[in-house]
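Student: So that we are looking at the same thing, I have put the structure below in structure tokens.
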Amino acid sequence: MDPMIRLILAQGMLGLNNGVFYAMLSLGLAVIFGLLNVVNFAHGALYMLGAFLALILYSYAGAWVGLDALHIGFWPALIIAPLLVACFGMLIERFMLRRLYKLDPIYSLLLTFGVTLVLQGLFINFFNASGTPYPGMPESLRGVVNLGFMMFPKYRLFVIIFSIVVCFVVWYMIERTRIGSRLRAGTENPELVKAFGINVPLMVMLTFGFGTGLAGLAGVLAAPIYSVSPLMGANLIIVIFAVVVIGGMGSIAGAVVTGFSLGLVEGITKVFYAPAANTVIFLLMVIILLVRPNGLFGRQG
Amino acid sequence: MSNTTTDIGEFEENTGEPEHRTRSRIWQGIFWVALIGFLLIAPALLYPVFVMQLLCFALFAAAFNLLIGFTGLLSFGHAAFFGGAAYIAGHALKVWGFPPLLGIATGTLFAAALGWAVGSLAIRRQGIYFAMITLALAQIVYFLVLQLPFTGGEDGLQGIPRGHLLGFIDLNQPLAMYYTVAAIFLIGFLVIYRIIHSPFGQVLQAIRENEPRALSLGYNVDRFKLLAFVLSAALAGLAGSTKALVFQFASLTDAHWQMSGEVILMTLLGGMGTIFGPVVGSFIVVALQHALSGIGSWVQVVIGGTFIACVLLFRRGIVGELARLLKINSL
């Protein structure tokens, strides 16, 4: 195989790997925005929280209950951490965000920005600001697989496949099931849905929990790849915002597709001009704003 | 502005009775006297460098307020103008050997140009998207500052000379520097005050209250928004350039998104859409940061907590609440 093509494929795979996190986070943002009209700035911080919970479950939780030898591993963490993040998200929704729905959406953006600073500050105080590696990668996912054009870490391949499945399930749930249709109806006309006897405030709380849980899940998946650091979410959320501006928050599928493709674009940019890799998504956003101001999948207005 | 408007929500305006207006003027006068009095005697009471820092941030917040408070646009990227101007002014002063005022003017002009570029992109989308776009565009500026060869990367731009004002006043004298900064602040603040009270400023407030109506009245809303954005960016740049001259360095912190967040907090805490709110808010935030500097990154937790408290408990901010207690409409 031509070495150039090989290089592009290899960087594309690594880019796709980042795309996983863009897709899962912008998916959660889109779900929340769809029903609550809230842009959750804390999404990055909740992703960080998910990663830290995985780390804590493995390295500290056992010692806290007096069982030094107990390490709660990756697989249990993949379920426990997102649930805990979702609960935290629901508390924020129930006690803070709920008071702001009648106001301009900038207030909920500012509130979640405050939550971000608090979470980030707390973790910088209790953990190392420069990051801690996650030691709990399962034995079965260690090692590499031969993709023909490169040796790819097994774990990263697992993350790509797993997240595609998650995104598909979420899309299917929202677009093709009864729960999803209620949710979409709640977005369109909450008063009418209330009249049908559906508990809209509860639905809103669960939706927010679900969206934030997705962020927590992405965090657990990220823990074995990147080092777990208090700032891992803050830098990501700004990229996610650009992704969301490019894709538009109107469509679930749009958010996912945009996320994966932008990861790919970013990876391939590394081949041609590495210094531009961390700004290419922002530059694409500029181009999109010039030629298609409402975003690729955006609705008018 | 007529008092028949009904859909005005948060920002209640009531300019009916003349008695009301007089009371408003009296209180504004008291605030002006207090502010100018503070500017004159502050160096006798407080450490001048600290007061100069207060004033730079107060001007930054007042410039930001022009946008959020009087046009209704939330920019999440104002650090780009503040920090970007600090670097350009610093470079002009240090490498090109510009005199102090010309250096500051260069930084300010750069911020205005950057504001034009960012603003014309961001106003293509509305509401919450506007905030996200400005944040993302400011991140490009941050990466540029980090990577361009002249900025000193992680170390920042150091050793910026203060030089001589108008060729003969040595700015290395603390008091000379102080009164120069106080004058720059006052001029910037007066410019903002004039903008708010001009017919242009009235149109901005109409856009804030009801954009479709302003549009249907025949105003070119986008042009007004863009001009407001450029003015706000330029004044933020004036504050950033002045800060670079005072502290003799420009650092990455000045251009970081967290700085954009801090200026929002200063304005929110003091009172969005009030005249003196941003000054009060920035004084409190800067003083808080100084007082808490011993507890390390707990400061961030306190700042975040203040944010949450402001949004949940007093969205009018300190000066806004005061104005409500005094039953006046603008302070």
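Glycine is treated like the rest: Cβ placed from N, Cα and C.
Pulled these from TrEMBL:
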type	residues	note
TRANSMEM	B:26-47	transmembrane segment
TRANSMEM	B:54-81	transmembrane segment
TRANSMEM	B:101-121	transmembrane segment
TRANSMEM	B:128-148	transmembrane segment
TRANSMEM	B:176-196	transmembrane segment
TRANSMEM	B:226-251	transmembrane segment
TRANSMEM	B:263-288	transmembrane segment
TRANSMEM	B:295-314	transmembrane segment
Student: Determine which residues of the chain contact the transmembrane segment (B:176-196) at the Cβ level, with the cut-off under 8 Å and only residues 6 or more beyond its ends counted.
Tutor: 36, 39, 42-43, 48, 51-52, 55-56, 58-59, 62-63, 65-66, 70, 100, 104, 162, 165, 169-170, 231, 235, 238-239, 242, 246, 275, 279
Student: Taking 3+ C-beta pairs under 8 angstroms (sequence gap of 6 or more) as contact, is the transmembrane segment (B:54-81) in contact with the transmembrane segment (B:263-288)?
Tutor: yes
Student: Between B:128-148, B:226-251, B:295-314, who has the most Cβ pairs under 8 Å to the transmembrane segment (B:263-288)?
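Tutor: Maximum Cβ contact count belongs to B:295-314.
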Student: List, by number or range, the same-chain residues at least 6 past the transmembrane segment (B:226-251) whose CB is under 8 A from its CB atoms?
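Tutor: Apart from its flanks, the transmembrane segment (B:226-251) reaches 49, 52-53, 56-57, 59-60, 62-64, 66-67, 70-71, 73, 75, 78, 81-90, 93, 100, 103-104, 106-112, 114-116, 118-120, 122-123, 151, 156-162, 171, 177, 181, 184-185, 188, 191-192, 195, 200, 204, 263.
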Student: List, by number or range, the same-chain residues at least 6 past the transmembrane segment (B:101-121) whose CB is under 8 A from its CB atoms?
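Tutor: Sequence-remote neighbours of the transmembrane segment (B:101-121) are 77, 80-82, 84-86, 88-90, 92-93, 133-134, 137-138, 141, 163, 165-166, 184, 225-226, 229-238, 240-242, 244-245.
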Student: What same-chain residues lie close to the transmembrane segment (B:26-47): Cβ under 8 Å, and 6 or more beyond its ends?
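Tutor: Residues packing against the transmembrane segment (B:26-47) from afar: 55, 174-175, 178, 182, 185-186, 275-276, 279, 323, 326, 328, 330-331.
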